[in-house]
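Peer 1: Below is the structure I would like to discuss, written out as C-alpha cells.
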Amino acid sequence: MSGSEPPSGDSGGAGGYAVFYPAGYQALNPEEHGLDRGFRLTAFSDMKGUGCKVPQETLLKLLQGLEPDRPPGEDGGLGTGVGDETADFGLVSAAQGPRLGIGMDSCVIPLRHGGLSLVQTTDFFYPLVEDPYMMGRIACANVLSDLYAMGITECDNMLMLLSVSQKMNEKERDLVLPLMMKGFRDAAEEGGTSVTGGQTVINPWIIIGGVASVVCQPNDFILPDGAVPGDVLVLTKPLGTQVAVNAHQWLDIPEKWNKIKLVISREEVEQAYQEAMLNMATLNRTAAALMHKFNAHAATDITGFGIIGHARNLAKQQKNDVAFVIHNLPIISKMAAISKAGGNLFGLLQGTSSETSGGLLICLPREQAARFCAEMKSSRMGLLGAGQDGGVGDGQQAWIIGIVEKGNRCARIIDKPRIIEVPYRGSVVSVQEGSNNNASPPEVQLA
C-alpha cells in the first residue's frame, strides 16, 4: 500500500538524531528495496498504537464476566479495576501470596511451590511509525513496561504476537516483517530476555505485540497499592506521542496540515516525531530498578487511556484513602500548541490523549523523589544509542508532576496545570507558565 508522496522523517535519525539510535541502525528507505517511494507502514491499519484501546467504562463491563466467583469478603488480593491490559485470564490457583488479577497492568499468580509468583502480561497494537524496525522495538518496550511498572527488572521469557496484513504484496511482506521481528527481538535482548515463540496469523491489519513472563520472589516486585498522603507523583517520559505521530502524517494531508502550520514548522514536526519514536522505544527498566532503591509505593505505565485514565485506575487500587492531584504536564515541545490548534482533538491538556509505550507514573516518598529524578538523568541503562562509540547525551529525564493527598481514591488534573515544554534532544529545558502562577505549589517543583 502506498501514497503519492514518500514518508517523511524516517531517514536514519536525520537532523542530528542518528547518534541516539542503536548502533548500526538504518531507517527503511523504501526505494532502495524496490518498494514504492510512498510506502507507509501505517497505511496497513486504520488505528495507531495504544490508541486502539477499548474505552475504560466499556472495558470495565466486559471484564466483569471474567471475574472468578468468590464468597463475599474473601481475600483475593488487590481488587480489580480497569487497567491498561486484561493481563492473564486464567484461573488463579489456591496458592497463598499476593495476587493481582484481571484489569491490572500485569497478573500476579502465586505458584504452588517455593513461595514464588508468576507475573505475566500481554499487549499488542497497530503500527504508528513508518519504520518497521523501530515499530518492533516500540512494541516490545510496551509489553515489558507492564512488568517494569511493578518494579520488576528481569523477564524470563517473551512470546511474539504478529499478524501479517493480507493487503501486503510479497515484496513488502518479505522486507517489512523480518525488520519488525528483529526490532522486537533486539529490544527483548536489551531487556535481558529472549523471544522463544509466539503466534503469526493473516489479518487485514498489521498487528505486533507479545507476552512477557517472569517467576518472582515477593521482594522482586512492588504491589501497586501502597501510596500514602504526602507522596509525590513522578513521570518518567513526556506526554504527546500520539500528537507527534499524527502531526507527522499530517505533513502530507493539506487540509490537516493547514490547521497546525501556524504553530509549528515542518522541521519541528520531524523533530517531534523522532523524539516520540525514541521515547517510545526506550525501556522503562531504569525506572523499575530505581523504584526499589527509592522506596516507591505504587506505579503504573501510561498508555492507551492517557495519564489521567491510568492515574485514576492506580488511585482506585490503593489501600489507603488517597487522591492523586496532577499539577505539571511534561509534553514534547510544540505538541500542546498542536493539540490546541487542532481543536483539542487529542485531549492532551486534559490528560486523555493516548500514549504508546509511555513512561511510568510512580508514587514516591517526597524526600526521595528528587534523588530518583537525578539518578534517572545520570543513568544510561536502557537508553537507545547508549552502546554506540561516542554516544552522547544523559539518561532519561523524569519530572515531579503532582502530589498524593488524603481523598477518596480518585485522580484529577488541576484547572490550569503547568505545561513543561520538553525540548527535542540537545536543547535546553524550558517551562511555560500557565496564567495561574500558583498552579504548582512550592513542594511540587521540578526535580
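Here the Cβ of each residue, glycine as well, is placed from N, Cα and C on the backbone.
So Swiss-Prot lists the following for this protein:
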- U50: active site (ACT_SITE)
- K53, G103, M104, D105, D123, D146, G197, G198, Q199, T200: ATP binding site (BINDING)
- D105, D146, D301: Mg(2+) binding site (BINDING)
- K53: site 'Important for catalytic activity' (SITE)
Peer 1: Of the binding-site residues D123, G197, Q199, which sits closest to D301 (Mg(2+) binding site) by Cα distance?
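Peer 2: Checking each of D123, G197, Q199 against D301 (Mg(2+) binding site), the shortest Cα distance is to D123.
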Peer 1: If I take the alpha carbons of D123 (ATP binding site) and D146 (Mg(2+) binding site), what is the distance between them in whole Å?
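Peer 2: Rounded to the nearest whole number, the Cα-Cα distance is 9 Å.
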Peer 1: Relative to the Cβ position of D123 (ATP binding site), how many further Cβ atoms are located within 10 Å?
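Peer 2: 26, counting other Cβ atoms within 10 Å of D123 (ATP binding site).
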Peer 1: Taking the Cβ of D301 (Mg(2+) binding site) as the centre, count every other Cβ atom within 10 Å, in any protein chain shown.
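Peer 2: Other Cβ atoms found within 10 Å: 28.
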Peer 1: Pop the Cα-Cα gap between D146 (Mg(2+) binding site) and Q199 (ATP binding site) into the table, whole Å please.
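Peer 2: Roughly 20 Å, rounded to the nearest whole number.
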Peer 1: For G197 (ATP binding site) and D146 (Mg(2+) binding site), determine the Cα separation and express it in whole Å.
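Peer 2: The separation of the Cα atoms works out to 20 Å.
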Peer 1: If you draw a 10 Å sphere around the Cβ of Q199 (ATP binding site), how many other Cβ atoms fall inside it, taking every protein chain shown into account?
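Peer 2: Cβ-Cβ neighbours of Q199 (ATP binding site) within 10 Å number 11.
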Peer 1: What three-state secondary structure does DSSP assign to Q199 (ATP binding site)?
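Peer 2: The residue in question, Q199 (ATP binding site), is strand (DSSP, three-state).
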